[in-house]
Amino acid sequence: MLNKNIGYISPDYLYKYNSPINTEAILKIRQERQAKLFKFSHEKYYKAVQTIADIQSNFFDCSSAVIKVGHPEEISPGQKQRLYHCLQTFCPWKKGPFELFGVNIDAEWRSDWKWDRILPHISSIKNRKVADIGCHNGYFMFRMVDQQPELVIGFEPYSKHFWNFQLIQNIVKQKMLAFELLGVEHIHYYPQFFDTIFCLGILYHHTDPIGLLRKMRQALGPKGEVIIDCQGIPGDLPVALTPQKRYAQARGIWFLPTQSCLENWIGRAGFSDINCFFAAPLSVEEQRRTIWANIDSLPEFLDPHNPSLTVEGYPAPWRYYAIARK
């Protein structure tokens with residue numbers, strides 16, 4: 001359905017399912033946060049999306065690395081100029097790649113690499129209810145469409161990311177995709193609702209990773225599956241690094257676990273059948289500066305004389321991917 005201020009919004013799932021979702025709490029937060037979408041500080045984002053409201057296409061391909069929307073010949077030179085300016089408004093693009101009407105967006109992160117690593121290890125999400133926690137601009141949500149889920153709810157509290165998702169959703173109009181301005185701390189409002197939960201790149205940004213994992217477990221139905229991607233450090237001991245202030249120039253990094261530490265977190269949250277299926281140093285090919293993300297990135301975050309260390313002298317980041325069941 002169309003919302004005159006936002007654009008295309010999928011049918012509200014809250015009224016579809018006979019489940020113990022805390023609808024009252026979700027509606028309250030939704031109302032509060034949707035009002036903030038139009039704050040002066042976010043004006044450039046929603047106005048940018050409005051400038052391309054007339055650009056539409058029936059072509060949407062999410063089956064490969066680059067999410068493709070529209071063909072170049074479907075839009076006029078004037079429309080292409082407006083589209084380009086709209087897309088530039090959302091720089092730096094952190095997740096991708098995308099191609100919109102022939103405009104190639106090479107994002108800072110090769111998110112397709114992550115998806116290609118994960119997909120062979122998960123149970124089918126066909127006809128399943130899925131949560132994507134920290135969905136950002138929706139890259140993984142759009143990739144999931146190809147797997148034919150029943151419903152995908154993206155959890156993302158930041159308004160910029162909402163509008164970034166919306167500029168694409170307004171064109172592709174995928175009914176199974178819902179974007180909520182919620183954080184991982186709200187996942188327990190969906191008790192036993194989801195079949196699969198993706199939590200990619202989130203845990204190390206929070207002060208209570210085990211508590212959040214427990215909330216995710218509450219939100220999973222019987223035999224539900226959680227997929228975790230967590231930044232961490234190398235080592236055999238089940239320990240986590242807590243940086244004094246910054247890690248790889250980033251604030252808001254609280255706990256960086258070793259593989260065994262992450263597995264222990266997941267186990268102590270009550271999950272079983274834990275399988276860490278990927279463990280490797282983060283590479284400067286996977287996270288780097290691009291034209292669409294002209295910002296300092298991993299190459300600048302590492303010690304130029306010793307890339308096994310960050311600029312602060314901590315162990316350089318690893319990525320751990322794990323899957324577990326309720």
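Backbone N, Cα and C define each Cβ position, glycine as well.
Per Swiss-Prot, these features apply:
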BINDING   Lys95, Trp109, Lys114, Gly134, Val184, Glu185, Tyr204, Arg319  carboxy-S-adenosyl-L-methionine binding site
Identify, in sequence order, the residues in the chain of Glu185 (carboxy-S-adenosyl-L-methionine binding site) that are 6 or more apart from it along the sequence and have a CB within less than 8 Å of its CB; answer 'none' if there are none.
Leu212, Lys215
Just to confirm: which same-chain residues, 6+ apart in sequence, have a Cβ under 8 Å from the Cβ of Val184 (carboxy-S-adenosyl-L-methionine binding site)?
Ile133, Gly134, Phe155, Cys199, Ile202, His206, Leu212, Lys215, Met216
Might you list, by sequence position, any residue in that chain lying six or more from Arg319 (carboxy-S-adenosyl-L-methionine binding site) with a Cβ less than 8 Å away from its Cβ?
Asp229, Cys230, Gln231, Gly232, Phe278, Ala279, Ala280, Pro281, Leu282
Between the binding-site residues Lys95, Lys114, the one whose Cβ has the fewest other Cβ atoms within 10 Å is Lys114
Tyr204 (carboxy-S-adenosyl-L-methionine binding site) - helix vs strand vs coil (DSSP):
helix
Residues with Cβ closer than 8 Å to the Cβ of Trp109 (carboxy-S-adenosyl-L-methionine binding site), same chain and 6+ apart in sequence?
Lys94, Lys95, Gly96, Glu286, Gln287
Carboxy-S-adenosyl-L-methionine site span - longest C-alpha distance across Lys95, Trp109, Lys114, Gly134, Val184, Glu185, Tyr204, Arg319, in Å
25
Give me the non-local Cβ neighbours of Tyr204 (carboxy-S-adenosyl-L-methionine binding site): same chain, 6+ apart in sequence, Cβ-Cβ under 8 Å, ordered along the sequence.
Cys230, Gln231, Gly232, Ile253, Trp254, Phe255, Leu256, Pro257
